[in-house]
Amino acid sequence: MPKIKTNRGAAKRFKKTGTGKIKRSHAFTSHILTSKTRKRKRQLRSSAVVAAVDHKNIAKLIPYM
């Protein structure tokens, strides 16, 4: 049986942690930053964990990570 292809867009956006969770970055950080507060921009820099409801679908996109 052939290997499953990794979705290259997903591979650039997500990373797996040591415990198997999937990390993601926040949106709304690329432009129109003057209207956002310093606190909001600082919090958006940190990474987040993918919600449990989305985990299964994203894991299918990155099978070998």
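Quick reminder: no glycine exception, Cβ is built from N, Cα and C everywhere.
Applying DSSP to the compositional bias 'Basic residues' (10-26) sorts its residues as follows: 4 helix, 5 strand, 8 coil. Annotation source Swiss-Prot lists compositional bias 'Basic residues' at 10-26.
According to Swiss-Prot, the region 'Disordered' annotation covers 1-45. Here the region 'Disordered' (1-45) has Cβ contacts under 8 Å with residues 55, 58-59, 61-65 of the same chain, all six or more residues outside its ends.
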